[in-house]
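Here is what TrEMBL says about this protein:
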type	residues	note
DOMAIN	42-293	domain 'G-protein coupled receptors family 1 profile'
TRANSMEM	26-49	transmembrane segment
TRANSMEM	61-87	transmembrane segment
TRANSMEM	93-121	transmembrane segment
TRANSMEM	133-158	transmembrane segment
TRANSMEM	197-222	transmembrane segment
TRANSMEM	243-266	transmembrane segment
TRANSMEM	272-295	transmembrane segment
Amino acid sequence: MPFPNGSELRPSFVLAALPGPEGAQAWVAALLCGAYVVALAGNGAVLLAVRLEPGLHTPMYLFLCMLAAIDLALSTSTVPRVLSFYWFGTREIGFGACLLQMFLIHALSAVESTVLLAMALDRYVAICHPLRHAAVLTNAATARIGLAAVARGVLFFLPLPLLLLPLPFCGSRALSHSFCLHQDVMNLACANTTPSVVYGLTAILLVMGLDALLICLSYILILKAVLRLAAWKERLKVFSTCIAHICVVLVFYVPLIGLSVVHRFGRDLAPLVHIIMGNIYILVPAVLNPIIYGVRTKQIQRRILSLI
């Protein structure tokens, strides 16, 4: 094989768009834009409500602010670029921009997974060790957890674009999603991608996989503590404080697992399935998370209504 030239080493990739006539794509763009506006408004309202309500300056709601900020960053790193090719037909994305977007998506997802684990820890300490909650989870400890979550996401997923950087891309440049994901870009390389495959799988298991396992373990311990309570009403009241967090965990991990399954076993599926699953993974948590906590938290409802 001849040594790849510069255009093969630094190609422009073609982002995937939903198939259909121009009128249908206009409706798709309008739907994506509407969902993005809802995500911006909802997460921005949560940040503002917690900022202005002194009673919400507790670890659980500070973690919620982190979650809202991550969702804003994750959706903003992808959706405007998607809308640009629906509105202006610019489906190509440069090699560097693609690697940067890929890093942001994976790193921010890792940070969100870590924050969800921290929220599960907060619920565990609040229910199983209520007298130690204020001493263990102070605002300073919450800030340190947030910084550790960011450092963890960056350190684990920075090698992904670095491993792809020297690879030649001499075949198809068409991606199967509307944005850049590691496995999607890696599959287009015409070289040995074993190190990238091994590291990517290891990073996913050590971050998202381990977090999911620890979240499940924390809720097993919470359930045991709740079942030790005598009255059913008291059990339901205590466990109801976890409902919002459980919903947010499902909203994050179910699309993540679905996207992973599509990548692993769905090579023969229609391109439409890959595109829809990718958009669900990016947009659904950002749209639903503020709605879930807004419905479950009266203080947030009151503050948002007062702002309106």
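Glycine is treated like the rest: Cβ placed from N, Cα and C.
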> What else in the chain is close to the transmembrane segment (133-158), if you only count residues 6 or more beyond its ends and a Cβ gap under 8 Å?
Replying inline: 57, 59, 62-63, 66, 103, 106-111, 114-115, 118, 121-122, 125-126, 203, 206-207
> Counting Cβ pairs under 8 Å that are 6 or more apart in sequence, does the total for the transmembrane segment (272-295) and the transmembrane segment (197-222) reach three or more?
Replying inline: no
>> Restricting to CB pairs under 8 Å, which listed stretch, 61-87, 197-222, 243-266, is in contact most with the transmembrane segment (93-121)?
In response: 61-87
